[in-house]
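A.B. asks: Pasting the feature list from Swiss-Prot:
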| type | residues | note |
| --- | --- | --- |
| ACT_SITE | 222 | active site, proton acceptor |
| BINDING | 428 | heme b binding site |
| DISULFID | 22-56 | disulfide bond |
| DISULFID | 29-49 | disulfide bond |
| DISULFID | 38-53 | disulfide bond |
| DISULFID | 133-150 | disulfide bond |
| DISULFID | 520-576 | disulfide bond |
| DISULFID | 617-642 | disulfide bond |
| DOMAIN | 22-56 | domain 'ShKT' |
| SIGNAL | 1-19 | signal peptide |
| SITE | 332 | site 'Transition state stabilizer' |
């Protein structure tokens, strides 16, 4: 009898041990199983996600060592011995009974696609309708809305998606309210002529930082700006929305560059109401290009606490629902191969954070985990922007222009400036002709042309690490001239970005270069021969041949030609305007990461330790070494192991 009982007990214990040993070997197994990956990729999932796929059996071989639920070596620095307060402040906002994680809909919501279709039908863009922030006040006290409304509780649409770009100075149109500058008065040169004669050059002057800076700058641009424009005008069209650029007779490479004006906000551009343009993205730096700038898109990208993914080769990517595309919160995710890589990295970062929070705070529901993860990722993007990107872009003047942070100011206009979006931040001159693909030993293994990486995700699906390392090794191009890749060969040669940038500035009513010099307390130029910021006499002579007087000079042209200031990639005028914009995005954002109460003190300390290098280590395919400072030019000699790159410890979020 005793031996029988012993045998039964032994069998039970063996079953128990084996059932415990049947584990998921990856942190995202449950999420992938819910997405149908057990059926789509059965071989890989059965090997790595037995428990999630329900393929455990007593006949399964017993692993020699217990596999851990979550990766530990390279994920988050929770092994490091850092002390956190034993009792944390309440996460419930003041005046609320609980943490509200869902924003109740109080108005009809449209997707970006639906709104764009309406704009095309009406030939004008409707602005966002202000919600009643008091209805969801406990949600708004803790989390951002998807469309940016109620960031400013006194003015709910300030900085929200689908609201007007703002201005530093009143608009300038030929007729005072609608017609492009120089369209009727002819006081400025043909944009294509300016591009060919002045701005386009195959000569590349290296900047002091690497090409990741260009890439991250584009990432930030797509986070905070999306112009309501559609390219439906051909060169044969002459309607009120069309302003195509006809090349001068001497231009042998093309006859015309199609150009469609940005949709005006409905009711503007008419006598008595100056034409204004719509920003379809949230103004705040909030990672909206990952999550979407309105609720419908956001819901389509989300599964419970996670962001939806496609598993390709055992790796996570943004949904690959159509061949050759990736679906993200912004429709321009695959505009360039490097941009698609960053979309992939920050999607992986969200899902890594969400999985860790899910394991750490099992009492949190999916909405709480999603909102906290989104808040953390948005905070990380802000940290990289203000601690790494802006100082390298603007240089020594960044601290003076932005000033010290003194907390949230609801009176600051957070909206994106027309002068920024349609002028100073159009830094296509940073783009190089070609980029290398570099292996883990920092050896070049292949090279691709920039134009071949446009709307092409093949390199991303193969190895995003090689893309990043290639960007690290190549100096960013000084933006004072544009490579012929973007003036002569982009999109099959149909687009000249220099000419388009000039025309877009005129379309958006930007004033002259001298007007913005005065705004920035810089001496306006009275003669092209007396222009210290442009020391090249040949360049000044060419400008004089194109423009009649300095007061006619386009803001974009004058700003981009300025010699970079100390430690900067930009001249003084562009540095001023871009600095003012980032100051507004910081001071006018109630959820800016340093604003007291947005994060606890331990959480804030952890966020400040994150860097772009850390993000690349956490989210690469198998990133082994990086430069400690992501924007420093790196040939491998100073690269350090990813294990030495410190970053976020999520213990500060344990409840």
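Glycine is no exception: its Cβ is also placed from the backbone N, Cα and C atoms.
What you are looking at is a predicted structure, and each value in this text was computed from that prediction instead of being measured.
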A.B. asks: Could you give the Cα-Cα distance between residue 53 (disulfide bond) and residue 617 (disulfide bond), in whole Å?
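C.D. replies: So the alpha carbons of residue 53 (disulfide bond) and residue 617 (disulfide bond) sit roughly 29 Å from each other.
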A.B. asks: Where residue 49 (disulfide bond) and residue 38 (disulfide bond) are concerned, what is their Cα separation in Å, rounded?
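C.D. replies: That comes out at 8 Å between the alpha carbons.
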A.B. asks: State the three-class DSSP label for residue 332 (site 'Transition state stabilizer'), counting H, G and I as helix, E and B as strand, and everything else as coil.
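C.D. replies: The three-state answer is coil.
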A.B. asks: Please report the number of other Cβ atoms within 10 Å of the Cβ of residue 642 (disulfide bond).
C.D. replies: 20
A.B. asks: Looking at the recorded positions 38, 150, 428, 520, which has the shortest Cα distance to the residue listed as 'active site, proton acceptor'?
C.D. replies: 428
A.B. asks: What is the nearest of the disulfide-bonded residues 56, 576, 617 to residue 332 (site 'Transition state stabilizer'), using the Cα of each?
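C.D. replies: Spatially nearest to residue 332 (site 'Transition state stabilizer') by Cα position is 617.
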A.B. asks: Can you tell me the three-state DSSP label for residue 49 (disulfide bond)?
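C.D. replies: Residue 49 (disulfide bond) sits in a strand per DSSP.
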A.B. asks: Across the domain 'ShKT' (22-56), what does the pLDDT come to on average, as a whole number?
C.D. replies: 70
A.B. asks: For the disulfide-bonded residues listed here (38, 133, 150, 576, 617), tell me which residue's CB has the most neighbouring CB atoms inside 10 Å.
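C.D. replies: When each Cβ's neighbours within 10 Å are tallied, 150 tops the list.
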A.B. asks: Using Cβ atoms only, which residues of the same chain lie under 8 Å from residue 520 (disulfide bond) while being at least 6 residues apart in sequence?
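C.D. replies: Set apart from residue 520 (disulfide bond) by at least 6 residues yet with Cβ under 8 Å, we have 572, 573, 576, 577.
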A.B. asks: For the disulfide-bonded residues 53, 56, which Cβ has the most other Cβ atoms within 10 Å, all shown protein chains included?
C.D. replies: 53
